[in-house]
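Asker: The structure is given below, and queries will be raised subsequently.
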């Protein structure tokens, strides 16, 4: 119960800044709990940065921001060793990735080389410079944003690298009422400045541990696997969800259960998270794309068609 | 009562009154066609049923009220009957099981009818409140009325218009209600107005549009809708029709069932053939009228009427008093009609259709029917001498017929086989006068080859001529066969002839009070519907002939010499025959009357006997009957059990499970099954929580969600304790009870 109120406080905090984006806030918290990373895909100006900053402030964590540009180098991300003539040795200057909560803004604007550096760091939670591997302090949470790829001057992320993100979210434009409320709040002082942290890093780490304790019954493991397999067998799909996707889905579901104050995962958790976990890991056949069918449509279809296990013998 | 309540009640009241009016449209033809009385009491019952439904009265209470009403009705209406109500009902029930339909009493029929009404109202109530759709009932009503209008004597013209209006109003309101309900709008005046005003507006505009469209006038000329179907049903399938006067003769042939329903009674000096109309256009299958307008002449009470038949001399003048039992919108004419002296309705005008001679009474230019009227007539008398002098060749020069009429009355269909004309020629060639030729044809039918019958009468097949079929193939038939054949034969030898429809003279009523030397009473039934022939004798005029064997025919020819003492003389032979027949008939009638009287005397004893017989019968059958009744009750009970399984199965289930205290999984499974029965099925990809939300929204509880949370914990949390019966029994029981509906 205590964990729930803590997490709820985080979400409430974010909601003070982000209006009408509760589900994004929740899902970000889920990713944070599951020790995964989030890819936010949307046009500029809908509050991606604000979202991450609000999250960082709520957790009183070290917040870093990397603005990706075409000329950004890997060392600009992970850090560089600089020779100190006074002490006659190389000193490591950590790059911006060495933070607790990192905003990687417009990740698809930079060269694949630099993207790879970031993604490797994300996966390993460590950076290697000059043969020395340095752990990134926990918690480590990257929230990358990207413009939709049809915009000019971008380097689309390779599918294999997309797999590194636990969730892919889309902000979307606020509704009319919400946008009016946004304007109203923007009149005075920026509310982000007044945010107080509501959870300490230690508490967060404890919560992350708690996620591992959440029970996933065999029924649900079966269900998750059947969903992943359904994406692989679907006639419109060129590349289905990988086993890593199944693992991600399970982890996310565990985190979501914690958020909901449960110590076990239900099919509802899986169904809710599946689109966010899977849609960026599935590649459609070209002819399907021409028909304007999206991966989200396919996954929604699969969720409807795959039977939910409701009896103990179902998974046998 | 807030505004929304008022709207609800106004709406319900409106809907129910519309339903009442619609049911009234059903009841009216039933009343009329089956001669059932107490219309208002039946309507009152419908009102009672509707009211109990409207106020959502307790089912038991409303049932008792309705039953009381039915009992009161039966006591009130059938109080005159000798038997007690109970014994009547028991004999009726016994009669149902023995299949003795005649023995079923009226009270039992009323009881069944009431039950039918009860069920109907309940069904409509269901349609209104649950389904919110009345289109089906509306459609059935329209079809019902259309069928009645087409196939029976019931005139549903106004009824169908009323039904359409009521039906439109009902469907409109229900549609509005459905929309409001589905969209989750408030049921306020404003919302109803928003939906109904455009509806009414549209109706208004389309009505205006319909009214501005050109329309057919004189519906007389238009065939009735479905008329061809009716004819097909009556003749094409060779089904047995009921005898009687029908206006349509497009398709002749087929059997007739005897029907002694009285049509009218008349009083006159002598028996009279009653003429209704003539027809001139023969199609090869039947009679119809030529295309074109119908010319009419009008006259009023007391006006001298000129018909195509010349009236006889003054000494033959007489009054014919007609009392109709059946409503016909035309006048029955005796031969030699002079004027209509009076009638029961204040008919302004009579129309006589020139072409057919049909006389129609009208009030304010609307057709009406007189139920009693008096006609002054004088039977036509023809001089034998003049008749003998008539020749076929004179037809051309005779001024009595216009050229158009001559053509009309000589019409023969092109497809008519030649052998008909050849036969006519051979029969008549040795006769000189037209009159003799006509008599030769009449006599030909008496040669023994031809038989009168109302059954096994053929219908001409496609391509076959009705006359040809009768004359050469079947040689069996009734008046239509004989008369139509004679017309065609006469026409084929060049004599203008037409076909006449009406009633033959009917039977004498032998009763003491009405019988005077100058006027006798006759009753004409459907059996007397008849057709015969009128031949145009050059220089003489139209004269009627009776070709059908076994009918008395006309007594209208006088020899010049004995014109004075008014002894009629047709052809000698025929006259004798007729007299003989008339005598026979009278004797027969006298005997019948005697018989009737005897029967009357014996009536009491017979009744007693019958009762005894019945009792004996019922006691004989009692063992069998009891078994049948027991079986029937068993079937009814089982059927009821099956029908109401939704009600009692849950109760049984709860009782059983309370004893067993089964696992959560099993109990949950039972709930899912029950929900499936009431139409709530979980989809494959639906999680239990989602399903539970759906169920709770539908049943307006949160028991399903509670139970499901327990179930999910049980399913998906391996570490959780398994919930026991006591944890979930309450939700579970509530849910099962909810599924009772």
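Our numbering is plain: 1 for the first residue shown, then up by one each step along the chain.
In case you wondered, yes, glycine gets a Cβ from its N, Cα and C as well.
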Asker: Need the matching range: TrEMBL marks transmembrane segment on one of B:135-154, B:215-234, and I'd like to know which.
Answerer: B:135-154
Asker: I'm validating the feature mapping. Which of B:192-213, B:236-257 is tagged transmembrane segment in TrEMBL?
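Answerer: Per TrEMBL, the stretch marked transmembrane segment is B:192-213.
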Asker: Taking residues 6+ outside the transmembrane segment (B:625-644), which of them lie with a CB under 8 Å of any CB in it?
Answerer: 93-94, 97-98, 618
Asker: Looking only at the domain 'Transglutaminase-like' (B:471-549), what is the mean pLDDT?
Answerer: 85
Asker: Please tell me whether the transmembrane segment (B:6-24) and the transmembrane segment (B:160-180) touch - that is, whether there are at least 3 C-beta pairs under 8 Å between them, with each pair 6 or more apart in sequence.
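Answerer: Checked: the transmembrane segment (B:6-24) vs the transmembrane segment (B:160-180), in contact.
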Asker: For the transmembrane segment (B:36-54), which partner among B:60-78, B:110-128, B:160-180 gives the most CB pairs under 8 Å?
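Answerer: The stretch with the most contacts is B:60-78.
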Asker: Restricting to the same chain and to residues at least six past its boundaries, which positions have a Cβ under 8 Å from a Cβ of the transmembrane segment (B:110-128)?
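Answerer: Result: 15-16, 19, 23, 36, 42, 45-46, 49-50, 53, 66, 70, 73-74, 77-78, 89, 134, 136-137, 174.
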Asker: Under the DSSP assignment, what numbers of helix, strand and coil residues are found in the domain 'Transglutaminase-like' (B:471-549)?
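Answerer: Counts, helix then strand then coil: 21 helix, 33 strand, 25 coil.
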